[in-house]
Every structure is written in C-alpha cells, then in structure tokens.
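Worksheet for the structure shown next.
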C-alpha cells in the first residue's frame, strides 16, 4: 500500500521541474513582449487615432511611445514602455526592473534633490512632490507648490549645477570686477535755489590705491559737487584732476583710508573680433549693472565715424551701454579693462574708448603731476556726439522714422542733464549742421568752435530747422 504512494510522489518530483521548464519560456516571452519596442507606423495619421481618452483626475493625455496618438500616461509603479506599456506621466521615469523577467515601471528619477513645498514639507524630489499632488487632486485636497530647492529649513542658496558651475564665466567676471566699479553722482543747485539736487550720474572705475578713478569727460564738469559711491556703500567727495574733451576721458580722485580695489588695464590691441566682453556700470543709479556681448570690431577708426582729425580707433561692441553706464569699464573674460564705455548709437551699436589710449592718458597725467603742471581751463557743452555719415544716417532712419533727411553734420547721441547744451534746448537725436555761420561736418568742428564764448547753432530736429544759442561752460 505504501509503494504506490511513493511512486506517485516520485512522479510528482519528476513532473515539477518539467512544468517549471515549460512555464519559464511563457513568462520570459511575456516579459520580452513588455520590453519589445512598439511597432510604429511609417507615417503618423492622427485621424486613425482613437478618441481622446478621459484620464484620471490630475493627469492629462500624453503622446504614445510612437509620438502619434494621445494616451493616458502611466502612474507611479504602473507598467511602462515596451509593446504594451504606456509613457510615464510628466516628472516620472520608466525605470528598468531590478530582476530580469519583470516589466519596467514608472517611478521617480534617481537624480534630483530635495524640494520644499508650500505646505512646509520637505519632499525627497520634485517627482515625489508631484506624485503626492496627483493623489491630493484625486482626493479633492490642495496640492503643494514647490517653493525652493533643498530642505525647508535651509537658508543658504542651492549649489550650482554643472552647467552653471562650468559655463557661467560672465558671472565670474562680474563678481571679480564689480568691487572696483563706482557710481559717480553729480550734485548741483537749481536756478535761484540753495538746496543741492542730483543733476547727473555716471560710472567709473578705480585704477590706483590712492583713489584715482577713470570716467568720461562728459560725466564730470564745472560748478558741481561730485560724489563717488563704492560697491560697499561708502561715499566720498571727488575732485577733477585731469580731463581730455577730445578723448572724452577724465581722472577724478577721492581720499580714503581704506584699501581700495583696483582694476588693471589690459591691452585693447590684443582684442579679437567676436571675443566676449562685459560692460559694467551704474545705469539709473543702480550699482554694478552688467551687460555682455561681443567685440564687433576692435578698430573702428575715428575717421570712419567722420572725425577727420581723430587718430583714435574705437572698440565697437554689441553690448548695451545704458544711460548712466558711461565711464564704466569694458572688460574681457580675464577681468582686465580693455575699454571705457562711452557712446551708444542704436541697439547693438556702442563704442568704447580703447584701454591703450587710457594708458596713454594716465601717463600724460602722471607727467603733468611730476612737472607740477595743472591742466588748463577748458570749455564744455555737455554732449555725446558722433560725426554723421551716409551709412550711419541710413541706420538712424531705420530706428527713428522722423530722423531728418540729412547725411552730414554732427549727430547728438545724448544731451547731459544740467549742462549748457540742455539749457540751450538741444535734445537727443538732434543734428548740428552749422555753428556761427560755419558748416559743421565732424565732431572736431564742434570742439574747435568752443573757442567762442557764444555759439549760434543751426540744428535739424525731425522736419524742423532750429537756431539755438549755447554758452559753453568753463571747466576749472
């Protein structure tokens, strides 16, 4: 009686491995089907797609794996990919199974950091927050809004990712240069007034530890109190030490017992067209505003711009020079000054005084100091101007439809506030064509006319012909 039972048990032991061997191919075939890529049509025909499905609350249809029809996405821990699987919901990733023979399922990406929600909870990842939000919407609860990367208790900033860390070279230059960039504020008294009011502002940068600052000549002028504000908020009174109206450069000086950050002059002759540059300054009285661009040409000759007596080549850039940015440094990616922001004509066309001329200007100033010579009094109008040429006139007509139909003269780029030019009625975009009965074709003609105590200017403004009288200021 016992022997048949033994035979049956033995038969079972023999049959079990065989059955398992038969089942494994079936399971493997099913898993293979799940991992096999879907068979996509050669041409997508949306008209043959099934009707747009109604998905679970909180999810919207997405394109299928063939990128043709819209289907409901797979939720967390649901099967994804393969011939039968679906694409995962936004924020989820189709994860490979831990063991062979099992399908891929949707889950949170392995990469990513903690995130703080508006419910003041710290979630392990953005994906985890979104998963809980989907569940909250299904239950009619309020979903959390991601408010910051990192834990909710963190007060510091998130560490830079690889792209920001490796390619954020502009920010590195600004951080290096900004402490040496200063805000130059001019104060003056209004007519019949005794109270000092701000009348003009510009920029500059420190070039020596004893407080020498380079800026534009049109930024500083006579009978004004000049205030310099450093990046750390320290304020100093400044005095003009030297000025060159032809170069549009000035040296001013502050007295400070603190150690001042200094910028080094690079060589503008080493610049290359297409090289990245950064223009820093304080437009609209804002500290350390930066604009970036490239060098359009490193030698835009003064004669090309219509300055017949000019032997200086300007650095043309496409970085924007805003109001108040004048006098700030133009730096390369090493943080060396390769120019002084000077002139903006139109969007994408700005000019800087090359650092090689700034170096020459400082050498001449040093020589004057060694010989005990003070610079002589000079006349000042308060204009940023450019000789008008045919190409420049055509460019200006494209930007300003009411620009006068003229191809020669001197174009007024900017009238400095509180100056003789502004008091006379001159405006931005005016064209000066005659002074004291003599035709004006270059900026040099305007500078030569400053020998007169009074200037009678013929000006074109749109379709109007104006006659203005300007009394130049004397810079002491």
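Positions of Cβ are set from backbone N, Cα and C atoms, glycine also.
Cβ neighbours of residue 218 (active site, charge relay system) (same chain, under 8 Å, six or more residues apart in sequence): 248, 326, 382, 383, 384, 414, 416. As annotated by Swiss-Prot, active site, charge relay system applies to 218 (among others), with the evidence given as sequence analysis.
Within 10 Å of the Cβ of residue 248 (active site, charge relay system) there are 22 other Cβ atoms, across all protein chains. Among the features that Swiss-Prot reports, active site, charge relay system is placed at 248 (among others), with the record citing sequence analysis.
Under the three-state DSSP scheme, residue 326 (active site, charge relay system) falls in the coil class. Sequence annotations record features per position, and here Swiss-Prot assigns active site, charge relay system to 326 (among others).
The disulfide bond feature in Swiss-Prot is assigned to 40-66 (among others); the stated evidence is sequence analysis. The secondary structure of residue 66 (disulfide bond), as reduced to three states from DSSP, is coil rather than helix or strand.
Sequence annotations record features per position, and here Swiss-Prot assigns disulfide bond to 44-68 (among others) based on sequence analysis. On its own chain, residue 68 (disulfide bond) has 40, 41, 44, 45, 46, 49 as residues at least 6 apart in sequence with a Cβ closer than 8 Å to its own Cβ.
Annotation source Swiss-Prot lists disulfide bond at 49-69 (among others).
For the recorded site, residue 55 (disulfide bond), the DSSP three-state label reads coil. Sequence annotations record features per position, and here Swiss-Prot assigns disulfide bond to 55-72 (among others).
A simple way to gauge crowding: the CB of residue 94 (disulfide bond) has 19 other CB atoms within 10 angstroms, across all the protein chains here. Annotation comment: Swiss-Prot describes 80-94 (among others) as disulfide bond, evidence class sequence analysis.
Within its own chain, residue 88 (disulfide bond) has 73, 74, 80, 94, 106 as residues 6 or more apart in sequence whose C-beta sits under 8 angstroms from its own. Residue 88 (disulfide bond) falls within a strand segment according to DSSP. Per Swiss-Prot, disulfide bond is recorded for 88-106 (among others).
The disulfide bond annotation in Swiss-Prot covers 108-127 (among others) and rests on sequence analysis. When Cβ atoms from all protein chains are considered, those within 10 Å of residue 127 (disulfide bond) total 24, not counting its own.
For residue 152 (disulfide bond), the count of additional Cβ atoms within 10 Å of its Cβ stands at 16 [all protein chains shown]. The disulfide bond annotation in Swiss-Prot covers 116-152 (among others) and is backed by sequence analysis.
Per Swiss-Prot, the feature domain 'IGFBP N-terminal' maps to 36-109; the stated evidence is sequence analysis.
Here Swiss-Prot flags 88-154 as domain 'Kazal-like', drawing on sequence analysis. Confidence in the domain 'Kazal-like' (88-154), given as mean pLDDT, stands at 84.
Summarising the annotation, Swiss-Prot assigns domain 'PDZ' to 383-474.
Residues annotated as region 'Serine protease' in Swiss-Prot: 202-362.
Taken from Swiss-Prot, the feature signal peptide applies to 1-31, supported by sequence analysis.
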Which residues does residue 72 (disulfide bond) neighbour through Cβ under 8 Å, counting only same-chain ones at least six apart?
53, 55, 56, 59, 61, 62, 86
In three-state terms from DSSP, label residue 44 (disulfide bond) for me.
coil
Let me check the 10 A CB neighbour count of residue 44 (disulfide bond). How many other CB atoms are there?
13
Find the one among the disulfide-bonded residues 66, 69, 152 whose C-alpha lies closest to that of residue 108 (disulfide bond).
152
Can you check which residue among the disulfide-bonded residues 66, 106, 116 has the largest number of Cβ atoms within 10 Å of its own?
106
When DSSP states are folded down to helix, strand and coil, where does residue 72 (disulfide bond) land?
coil
Distance [Cα-Cα, Å, rounded] between residue 127 (disulfide bond) and residue 69 (disulfide bond):
25
